[in-house]
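> Have a look at this one.
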Amino acid sequence: MTRPQRWTTAVLDVEADGGLAVVQGDQGFLLDSNGALFPRSWLRALDLPVQSEHGIGYFDGEPVYLLVLQHSVVVEGCAWQGLRQFMLEGDFAVFQMLGYAAQVATWAREHRFCGACGRATVQIAGERAMYCEHDNLRLYPRISPSMIVLVTRGDEVLLARSPRFVSGMYSALAGFVEPGESAEDCVHREVMEEVQVRIKNLKYMGSQCWPFPHSMMLGFHAQYAGGDIVPQVDEIEDARWFHIDDLPPLPANRSIARYLIEAYLAERSGAPEPVLPG
């Protein structure tokens, strides 16, 4: 029997009473010793600087709402925590919920006004969209498709590090899909741009929402076909082949980047394939 999901998205009526809520400000999400979900009625009594409110889904069967604040404030007995920390430390179902909430919050902040005429927009009831009456324009949450690929050569994997990475960490190659190209075209282009390597036998491995701030990661495995590694200036700090028995520090366990690496290690060793989170 398939275990029911703890978190499911939905567009809920913000005029309804009750439910739970998460609070997002410029310092992350509000939390206390019980977590990031609070009784909605209790939050309303705090008179927080709410910029917008959104009904976002159900967690363990309970309706959940999102309060987007104009700025973070001090709440007695609570603290603020960034989304990445929830991914690294907390319940993955909670991270999925907060990842969705973070993307809704980003969309709500960026589309308070119409990009065509500058007039204020309004939420459309029953739909995840903002609306400009003047231009008859609907504004939906942004999703940015991107690819991530593990390139392999026998018992070696090609890993690279960006100047933005934490010290010492290496990961698979990644990049955003350009208008007019397929995900597969993107993989070939990005690998060539970033390390000047040709690839073959592309295999789709799965996808993962990456809410930093609104990426949809499409994961691939590819085999090395030729070329010497030449890191892209300003984008790739270092790139090299690593033997599977001598790997550097890797991305977080819950990331698709780590999954691609672990899946290949399992394939080479004959171990069971890992499960892609989320």
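Cβ atoms are placed via backbone N, Cα and C, with glycine included.
The following feature annotations were taken from Swiss-Prot:
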type	residues	note
BINDING	Arg84, Glu127, Tyr140, Gln208, Cys209, Trp210, Pro211, Phe212, Pro213, His214, Ser215, Ala257	substrate binding site
BINDING	Cys114, Cys117, Cys132	Zn(2+) binding site
BINDING	Ala174, Glu194, Glu235	divalent metal cation 1 binding site
MOTIF	175-196	motif 'Nudix box'
BINDING	Glu190	divalent metal cation 2 binding site
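Map these features onto the structure and tell me what's around them.
Residue environment of Tyr140 (substrate binding site) contains 12 other Cβ atoms, counted within 10 Å of its Cβ in all protein chains. Tyr140 (substrate binding site) falls outside any helix or strand according to DSSP and counts as coil.
The secondary structure of Cys132 (Zn(2+) binding site), as reduced to three states from DSSP, is extended strand.
Ala174 (divalent metal cation 1 binding site) is surrounded by 22 other CB atoms, counting those within 10 A of its CB over all protein chains shown.
Counting residues 6+ beyond its ends, the motif 'Nudix box' (175-196) has Cβ neighbours under 8 Å at 144-147, 149, 151, 158, 160, 202, 204, 215, 218, 220, 222, 227-232, 235-236, 239 in the same chain.
The secondary structure of Glu190 (divalent metal cation 2 binding site), as reduced to three states from DSSP, is helical.
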> Mean pLDDT over the motif 'Nudix box' (175-196): what is the value?
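Across the residues of the motif 'Nudix box' (175-196) the model's pLDDT averages 98 on the 0 to 100 scale.
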> Applying the rule Cβ within 8 Å of the centroid of the Cβ atoms of Cys114, Cys117, Cys132, what extra residues of the same chain belong around the Zn(2+) site?
Phe113, Gly115, Ala116, Gly118, Arg119, Thr121, His134, Asp135, Leu137
> Helix, strand or coil by DSSP: which one applies to Arg84 (substrate binding site)?
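Going by the DSSP assignment, Arg84 (substrate binding site) falls within a helical segment, counted as helix.
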> Taking the residues the record says bind substrate (Arg84, Glu127, Tyr140, Gln208, Cys209, Trp210, Pro211, Phe212, Pro213, His214, Ser215, Ala257), how far apart in Å are the two Cα atoms that sit farthest from each other?
33
> Neighbourhood of the divalent metal cation 1 site (Ala174, Glu194, Glu235): other residues with Cβ within 8 Å of the Cβ centroid, in order?
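Near the divalent metal cation 1 site, beyond Ala174, Glu194, Glu235, sit Ala160, Ser162, Leu173, Gly175, Glu190, Glu193, Val195, Gln232, Ile236.
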